[in-house]
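Student: Have a look at the structure that comes next, please.
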Amino acid sequence: MTQSSFGEGTGPIWLDDVNCEGPERIIGNCQQNVIGDHNCLHAEDAGVVCEMSVRLTGGRDPLEGRVEINYNGAWGTVCADGFDMLAANVVCRQVGFTRAVDVKLFRPGTGPIMLDEVECEGTETQLGLCAPTRFCSNRLHSRPRYRHKMRIISSAFLSSFPQKKI
């Protein structure tokens, strides 16, 4: 018997022995037992952690820009509250770069502010695993406190390469 990572559910167990190959767009397209036919307990309830889509926009090149996330199918910005170099390193790695070089306030973006009070340890593989993460899609850029978004500059080079001294 296993322990469910997110706690045990209640009610009927609808799916068991689900086997997805990867290209399926919905779980109903995966191979599985007949709906409702199972031999498991709620202690075996499945859970997932989904990757949050992140991008850098508005910069001079692909290595820098305003941090934006996609939440519920819409792009929005990340508020500066709590966002530091640890969070910037996580974002840079998530978008395919090695590490962050700098993190600064950036001119306001468009759309809602999607994430606030981001606190990362720096070892996370994606921004969505940092805690606490507060989704706040109801905040608008017109509110003075939230007008500044985060701009980060990433490094595309391995940090183990020798650094050129100036």
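For all residues, glycine too, the Cβ spot is worked out from N, Cα and C.
Note: TrEMBL annotation is automatic and uncurated.
From TrEMBL, here are the annotated features:
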type	residues	note
DOMAIN	1-51	domain 'SRCR'
DISULFID	Cys20-Cys30	disulfide bond
DOMAIN	54-155	domain 'SRCR'
DISULFID	Cys120-Cys130	disulfide bond
Student: List the residues of the same chain that sit at least 6 positions away from Cys130 (disulfide bond) in sequence and have their Cβ under 8 Å from its Cβ, in sequence order, or write 'none'.
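Tutor: Cys130 (disulfide bond) has long-range Cβ partners Ala87, Val90, Val118, Glu119, Cys120, Glu121, Glu124.
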Student: Using a 10 Å cut-off, grab the number of neighbouring Cβ atoms around the Cβ of Cys30 (disulfide bond), all chains included.
Tutor: 14
Student: Look at the disulfide-bonded residues Cys20, Cys120 and tell me which residue has the greatest number of other C-beta atoms within 10 angstroms of its C-beta.
Tutor: Cys120
Student: For the domain 'SRCR' (1-51), DSSP counts of helix, strand and coil?
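Tutor: With helix first, then strand, then coil, the domain 'SRCR' (1-51) has 6 helix, 2 strand, 43 coil.
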